[in-house]
Each structure stands twice: as C-alpha cells, then as structure tokens.
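Annotation source Swiss-Prot lists ADP binding site at Thr12, Arg16, Thr266, Gly309, Gly410, Asn414. Look at Swiss-Prot and you will find Thr12, Thr13, Ser14, Thr266, Gly309, Gln313, Gly410 tagged as ATP binding site. Taken from Swiss-Prot, the feature sn-glycerol 3-phosphate binding site applies to Thr12, Arg82, Glu83, Tyr134, Asp244. What Swiss-Prot records for Arg82, Glu83, Tyr134, Asp244, Gln245 is glycerol binding site, and it gives sequence analysis as the kind of evidence. The phosphohistidine feature in Swiss-Prot is assigned to His230.
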Amino acid sequence: MKKYILSLDQGTTSSRAILFNKEGKIVHSAQKEFTQHFPKPGWVEHNAQEIWGSILAVIATCLSEADVKPEQIAGIGITNQRETAVVWDKTTGKPIYNAIVWQSRQTVEICDELKEKGYSEMVREKTGLLIDAYFSGTKVKWILDNVEGAREKAENGELLFGTIDTWLVWKLSGGKAHITDYSNASRTLMFNIHDLQWDDELLDMLTVPKSMLPEVRQSSEIYGETIDYHFFGQNVPIAGVAGDQQAALFGQACFGEGMAKNTYGTGCFMLMNTGEKAVASEHGLLTTIAWGLDGKVNYALEGSIFVAGSAIQWLRDGLRMFKDASESEVYASRVESTEGVYIVPAFVGLGTPYWDSEVRGAMFGVTRGTTKEHFIRATLESLAYQTKDVLCAMEADSGIELNTLRVDGGAVKNNFLMKFQSDILDVPVERPVINETTALGAAYLAGLAVGYWKNQDEIKAQWHMDKRFEPTMEAETSEELYAGWKKAIEATKAFK
C-alpha cells in the first residue's frame, strides 16, 4: 500500500526528509546540517557530494525512525535552495568544483562586465531577472573560466550543469534523468520565461555550451525513478520539483491570481501569483515562473528582503540582548512603541525595491530614554516595513490589491511581529497550521503527478489556518510610522 509522499527539502544550511500522509500532515522528519565553505570574503560554496550524502542520510533516518518501508512511498518531491550551481563530469559523476551558492558574490566582476556591455535590458526582457551574482548563469561561466580544462570538456559535451534539484534527481536516478523544472530554470539567467526554453542569445552572452544544460520539465510529472541501490531496492517515482520559494507558494495553496505568501527565514521572500501572464516589473521586483502544471505555466512576482530572521539572530548573538529568539516577542511587547527609533538592518545591502548592495545598516531616533525593549521592537518592526516596501511594489506592478497575506517560516511564531505586520499593511495576515510549506509544496506536486491527490481543489481543502491577525491600527498612525521608515531608508542610502 502506497501510504506516503516523501519530500526532500535541500536548503542552504541543512537537508531534510519529511514524510507526508494523505491529509497533508507530517508523519516524520529528519534533518542534517552540512559544511559551509568560505574560500574568500563574500564567497560561499558547498560540497555537492556532501549535500548528496546528507540527502541519503536523512532519507534513511526518516524512514527507519518512522518505521516506514520504502515500498510504502508513492512518490518523491524535491525542493531546493535556488540558483546554487553545480557542474559535474558526465562519466564519473563527480563535481569539478564546489557548488557555488546563491549568496556567493564571487561573480560580481562578471556581472559588472555584462552590464557595461549593455546586456541588462535584454536579460530583463527574456528572464525577468537582473544581472546579478545571485543567479546561476554567471556561476557556471565562472567555473568554466576558472577550473583548469573545464571549458574544453564542456565544449566536448563531457560536463553537465544543474541547480541542486537537477543534481539530486540525477544522483537518485543513477544518472538516467538530467532534468530541472520551470521554476528552477527561471532562476538561471539562461532561460527565456516567455518561450519556455534555454535561450541561445543568453548562452552566447555567458559562453555556456547548451549541451551542459538539463531538460526543462513541468514541476509535477514523473521524471524518472530512484535506482534501486539508492533507495533500498525500490524504484520510486521522482515526480515533483520546485525551487523553495515557489514550492512554499504552492504549499500555501496560493493557486489564484493575486494570492501571495511571505516566507520569514534568514531573509524574506514574498511571491504573488500573477496567473498565466508574466508581469514585467517597473518597481524592482523579479518576474519568475511559479510552476508548470497540467501543460500550463503560472508566473509570479517576487520580492527579496536580504535580512529578516538574521536581524533577530544579530540581536541574540551579536548584541547578546537575549538568549532565545522567542524572547524578542516578550521584550518588544513591553513597550507601547519604539518612541521614534528606526533600525534599518541593511547588513548586506538592501534588496527589493532598492537593490543597493553598497548601503549598510543604520539606526535613527535614539535618545537617552531608548531602552533595550525599544531597540528590539524597532528591529522586529523593520521586518514588517521591508515587507510593506515589497507589497507596495507588487500592487503597483500587478494592479492587484492584496486582500490577505499568507505567511510561513521561522519568525511567524512571533505574534507581536505578525500583528504589527497586519497593522502596517492594513491587510489580514494568515498563519497556517503546517508551517513546513516548502516541503509540503514539493510533496503536493509529486502527489498530484502520481495520483496520490486528485487535484488542486483537494489540496486547497487541506490548508488550515492556525491564526488570523487583523489590522486594528488607525490608518493615520500606520501611515505616519511608514513615512518615518521611508525617511530612515533615504538617510541610510545617503550614508556610504
């Protein structure tokens, strides 16, 4: 009896295996962290073999601890840290260099060169992205340019490229399936999101041979099966793939045009489903593919906030203001307001809609009466203000007024933050019962492909709310607070 769907959630710091049942509930999960490599300042790399090892370990742990047999798995869904690039040898299956992580800035010079050559507009039109070190394309070029013999091997068709999803499907299938899905392909800087294919002009710009690239498939279909020696003698369908943020949008059942979710992790990622049309952004958002399903493609607008949960970690570890992140809520609630204090946590620059990598963090409005409580509250409020910046851009680009924001991620446990978020947006905020929406989204995509779930309506019915936060703040007050934030942003940008 095929009782479960196994979701593999390959993140930036750890890999997880999560078993879901028919009700979309978590049966069991296992997690394993892996090593972060920082060869030079600003560079971030992972060992792709270690990632693969961590995936095998969490699968084994999860199944054995849950006492679930491999033959009880109906299908496998994969969700992954996006943009991270792996290049490996087709014959040996060994990576020729570490995986270059999405956060890594080692290709900034390549990006500057491409911008100087005037490619920005073409890239924007075809991919919906900006020329930035964040995306995979320049990482692949860097590997081909910097690893001895790599370019020659690539030209001879001896190397393969993949984002993490591609690498894992290739390994699980014993090298039989070299695929990615629309959502991951749309983050590479090499994929035309309108024609839905790898783009020759973009590949020429990056000097990446087409033979390296995976086949691009829907986010929900059977790509292949696990090879028996990697899955305890069983051939289980690998049937769903989506990048982490798109998987979360699916896991939140944001299937309708204009529905949006915000994930509060290390940073924040807000995605709005724009239906079957790609909306070009005039306000610093990315246009991306949400998923491909049943022969149709859904698009999304995406806003990225670089510092969210990491600002709370900074209060805990850097400033030692509390021992546990959950205490931030207690401190913030002890004061009525920040008394005019604003904190702009631009520790690594500002993301959407500013896209300023030079700017650094700042604080404003500090007086002799400012206390630890004010400081903590101002830091939490900064997450909500940054989210409003993104939402304003989304509403302006899409012409859609948001009526509810669904939220997930670590920081959503903080009731103070969620209530303030609702107040400052003047929109209800809904927190789901199952916060593991990324893994759930991948499970749903796989389950639909193997007939474990019938359709999206069945999935929609499984979405249950834990708590709804309603806005109660006077409009005048929230407008005044937000105007102060905008002033703080302008002042921060001026100080370089």
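Quick reminder: no glycine exception, Cβ is built from N, Cα and C everywhere.
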Candidates Arg16, Arg82: member of the binding-site residues with the richest Cβ shell (10 Å): Arg82
Cα-Cα distance linking Tyr134 (sn-glycerol 3-phosphate binding site) and Thr266 (ADP binding site), given in Å to the nearest integer: 15
Binding-site residues compared (Gly309, Gly410) - highest count of Cβ atoms within 10 Å: Gly309
C-alpha spacing of the residue listed as 'phosphohistidine' relative to Thr12 (ADP binding site), in angstrom: 23
Same chain, 6+ residues apart, C-beta under 8 Å of the C-beta of Tyr134 (sn-glycerol 3-phosphate binding site), given in sequence order: Glu83, Trp102, Gln103
Of Arg16, Arg82, His230, Asn414, i.e. the recorded positions, those within 10 Å of Gln313 (ATP binding site) when Cα atoms are compared: none
Gln245 (glycerol binding site) in three-state DSSP notation: helix
From recorded positions Arg82, His230, Asp244, Gln245, the one whose Cα lies nearest Arg16 (ADP binding site): Asp244
Set of same-chain residues at least 6 away whose C-beta sits under 8 angstroms from His230 (phosphohistidine): Leu56, Lys171, Leu172, Gly174
Additional residues around glycerol, ordered along the sequence, whose Cβ is within 8 Å of the centroid of Arg82, Glu83, Tyr134, Asp244, Gln245: Gln81, Thr84, Trp102, Arg187, Gly243, Phe269
Cβ neighbours of Glu83 (sn-glycerol 3-phosphate binding site) where a neighbour is any other Cβ within 10 Å: 25
Separation of alpha carbons, Gly410 (ADP binding site) and Asp244 (sn-glycerol 3-phosphate binding site) (Å): 15
For Thr13 (ATP binding site): intrachain residues, at least 6 apart, with Cβ closer than 8 Å: Glu33, Phe34, Gln36
